[in-house]
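These notes concern the structure reproduced below.
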Amino acid sequence: MSQQGYVAAPPYSQAQPGMGSYQGGFGAAPAQPLYGHYGGPPQAFSSPPAGVMKSPASSPGGMPPPPVSSQYNPNVQQNGAHPQRLASPSAAPPTYGQPSHSVYNSMASPAQPPAQQLTNQMSAMNLGGYAPGAMQSPPPPATTSIAQQRFQTPPAATGHPQMHSAPLSSHMAPPISPPQSPITNMQGSGPPMGGQSMAGPPMGGHSMTGPLMGGHSMTGPPMGGQSMGGPPMGGQSMTGPPMGGQSMTGPPMGGQSMGGQSMTGPPMGGQSMTGPPMGGQSMAGPPMGGPGSFQQPGSGPAGLQGYPQQAGQFGGLMSGPQPGMQGGFPGAPGGLSGPPQKKLDPDSIPSITQVIEDDKARLGGQVYSTNIRGQVPPLVTTDFTVQDQGNASPRFMRCTTYTLPCTAELAKQCQVPLASIIKPFAKLPKNEAPLYVANHGETGPIRCNRCKAYMCPYMQFIDGGRRYQCTFCNCVNEVPAFYFQHLDHIGRRVDFYERPELSLGSYEFVATLDYCKNNKPPNPPAYIFMIDVSYTNIKSGLVKLICDELKTLLEKLPREDGAETSAIKVGFVTYNKVLHFYNVKSALAQPQMMVVSDTAEMFVPLLDGFLVNYQDSRAVIYNLLDQIPDMFADTNESETVFAPVIQAGVEAFKAAECSGKLFIFHSSMPTAEAPGKLKNRDDKKLVNTDKEKTLFQPQKGVYEQLSKDCVAQGCCVDLFLFPSQYLDLATMGDVPSHTGGSIYKYNNFQVETDGEHFLRDLRKDVQKSLGFDAVMRVRTSTGFRATDFFGGVYMNNTTDVEMAAVDCDKAVTVEFKHDDTLSEETGALIQCALLYTTISGQRRLRIHNLSLNCTSQLSELYKSCETDSLINFFAKSAYRAILNQPVKNVRDILVNQTAHMLACYRKNCASPSAASQLILPDSMKVFPVYMNSLMKTAPLVGSTELSTDDRAHQRLSVMAMGVEDTQLQLYPRLIPLHNIDVSSEAVPAPVRCSAERLTDAGMFLLENGHSIFLWLGQACPPDVIQNLFNAPSLAHLQQGHMFSLPELDNPLSKKVRSIISELLDKRPNSMKLLIVRQKDKPEMLFRQFLVEDKGLHGGASYMDFLCYVHREIRQLLT
């Protein structure tokens, strides 16, 4: 069955090498993906017949249209799509067997519902393809949907209001074909689509050869805004400058919109035009060679001069036209070379900001009920409320696709990784109920005898309620007498709603002693603060800053809901070459210090009085915190130890028989004679060689053993680093990254500029809710199983994921592989069980269950993919792969697999069309933006300008991130503040992350989870500067102004500060604020986060990458 796609036409698309012979800058692809999924050799795809394409249902935000879920009931709101089907008036409603595009039913129908139109618009996405129309308009506002670009308004004849971003577009398709976002106009595919009536040859607007043009298949003559056939038209690819008002050769077509408005001229509503290329189509004007321009073959000199060789990853000039192809696109009748064309308009390619805004418009503020198997949740960027009705909330579990392929062969064919990103302790908003706790007394939780899965909503009760069949392994189990309950008329237990484990997707069980170490209840956990008091930390003022902050922060230790005080005990250690332990027993008047100088045989010199209850010993602790900075004020000791400090923490927890967390504040490489001593192994000459991987590998030995000891004791390590030079973070971060800890890094720390940023991190870190001494097991129903785990975890065997602690921001990404065939009827089940100790010392089991659909149709799989989860998986698997293979190979694998997934979609799900079109599944239309951004991140860019520690730090941070955090890191939010409405609550909508969106008179805020930049254009109005900084102009801003905004009493200052503080609250890490002026040197730092542009350290722009991927797809298809 055919399916729709985001069709992009040429530029991207040209089949000729013109676009692409971007000679393998990415390097030849390895014959088989090294860490690729289903590692088979890439398959060859035969290319679909040229000719027609189909229209897509573009859905915003990658939300698929309603999937077909278990019930085929169109009214069920599946996947969040709206139930309605929007059939166009003239057509019969599509039946479910067809590719369904009710929407384009007949193009000629008089007024299509806006949604549809929208889709058309999307389709227009001709990416430079044939979309006549609106191409001429100046680029629309940043947020517009691609679509909008080309078809701004449908022909007058169809009379609908012009819609800018298509809000609906996605509901459109009735559940069946995966939506695709067309980047080109819609294409009709051969058989009439969903009810579409097609008269003449099926043309769907896309690539058409004959004169029939209409975008969709139409009955009458083509309609205006559609693309027309005949010579390949349209906005075909253009080289040169963006399209803004291009000059058009042919007469503008009616209804085509110029500038988006519909034009007067004879309305060509339904006129068919053969004749010269149509309006926005090919444009005259000299071919422009600027970077990024693509030439059509046949136009202009070969070899595109203006394409500077890309540095680093994507190299290679593109070769020029291909002989024999004069036409604008291959596949078009020859002889049409037509005037040279201009550059593709950046607004015409898929935009993440648009996808996010569309999803918010469609699902924001709504209730998402989890009662449907395999439904795709709203995006992570959308605010919604979850109602648990039998599947875990997407806050706890998200998947790369919510419809698994039935067989390993299908999985191998599409190469879409099957994975779930599990954040077992995710924070729930105040309006969602906390997890219910079920207590089954001494018998403990009910479990399947064979596979040990826990009682959950998927278990089937039989035999009048006396037995139940486990849906994970099909074993039939007896129901214990105390748990027996009668069944109602539909075979459901009468107490269904009274027991969380029967009706909810997530809940907790109180664990019995069998689940505790040594069969005895655990003690409450402890926090130990370990401060490096070497010369640099004393001199920078850091030690005093930490001690002052702890006095107030210890009042806010996490506690159980309803508890008066926290049960967590606290202890204090200071160290340089030796360790100082402090006795802060409440009975003492003064704290006592004990020194351990034998760091080779670490032990804790005191038991009683080291770990204390803060409330009881508050006076002694205050006393100690006042004294520490003075005690070491005259120190000259600059050498430090590190491994013995962690060892001391583990020994303290062992002695107290508890689990807990170490907060270590450290500033330099541990060079003192002691276990774990490190030497400088930073070598920039290794970058871009096969040995580069050694820069990311931790040094073996002491630290490996320490990780093991920490996990065994439930000792999590959080590391705060304050380096002024290389300190081998790859090794020092090894223990935190295997114990569920976090690593914070403040380069060249200065109290004035970084103090507040560090304290915000420390406060968030100490107050986080978390579980200790955790073990997680992921069980699945038969046919597939969890094979790989990525995260801040320790794996002693292949199934138990051990975490010394797991907090509300840590996520584990789990990859699944088939071991048999899955059934479409029963679907696939995943149960994540986490055994942990609460902050009050109670042993509990937290259970999250999720049910997915299974399919033998690839189109269904693509329809329920989630781009944000996919990129989380690819980031983690790539960051793990660079430990074992050259970075360049890893980049090649990523590009390869991207091309593979998209080529498989094109070959198996999209309706046939010219190879020159790039067609992307709607749910993945922005995947290339994220993938390109990932390849430009520090760990994957081979640049000697980047610090090795920074690269290692980013690699380790991402390994433990959830979907929201990788999304923001790979596509930062760029928020325009210059025309902000100070009276409204709302934060302005973000714009695309590219320098083209910046304006000289503008002011923008960029946040990526690690930093916040406030960028000020050089022509920023003086009154804005006065209101924000109390300075007369940009030139008056001093260095001291560059890290914070003064608190001024005016509406603009209040509004901007409130937006910044809201962003800081929302993110797991504090972000450092940097204020940058256009054209100042620090602006380079800011520009490296504009991920749609060329990378500063190598890496293609989004547009170039898309063309490169398109070329790879075409090679796979031929």
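Glycine residues also receive a Cβ, built from the backbone N, Cα and C atoms like all the rest.
Annotated region 'Disordered' per TrEMBL: 39-302, in sequence order.
Under the heading compositional bias 'Polar residues', TrEMBL lists 71-81 (among others).
Annotation source TrEMBL lists compositional bias 'Polar residues' at 97-124 (among others).
Positions annotated as compositional bias 'Polar residues' by TrEMBL: 143-152 (among others).
Summarising the annotation, TrEMBL assigns compositional bias 'Gly residues' to 222-233.
The compositional bias 'Low complexity' annotation in TrEMBL covers 234-251 (among others).
What TrEMBL records for 275-286 (among others) is compositional bias 'Low complexity'.
In the predicted model, the domain 'Zinc finger Sec23/Sec24-type' (445-483) shows an average pLDDT of 96. For 445-483, the entry in TrEMBL reads domain 'Zinc finger Sec23/Sec24-type'.
Summarising the annotation, TrEMBL assigns domain 'Sec23/Sec24 trunk' to 522-766.
Summarising the annotation, TrEMBL assigns domain 'Sec23/Sec24 beta-sandwich' to 771-855.
As annotated by TrEMBL, domain 'Sec23/Sec24 helical' applies to 867-966.
Annotated domain 'Gelsolin-like' per TrEMBL: 987-1060, in sequence order. Counted with DSSP, the domain 'Gelsolin-like' (987-1060) comes out as 29 helix, 12 strand, 33 coil.
Per DSSP, the secondary structure of the domain 'Zinc finger Sec23/Sec24-type' (445-483) breaks down as 6 helix, 11 strand, 22 coil.
Looking at 445-483, 867-966, 987-1060, the range that has the most CB pairs within less than 8 A of the domain 'Sec23/Sec24 trunk' (522-766) turns out to be 867-966.
According to DSSP, the secondary structure content of the domain 'Sec23/Sec24 helical' (867-966) in residues is 68 helix, 5 strand, 27 coil. Across the domain 'Sec23/Sec24 beta-sandwich' (771-855), DSSP assigns 0 helix, 56 strand, 29 coil.
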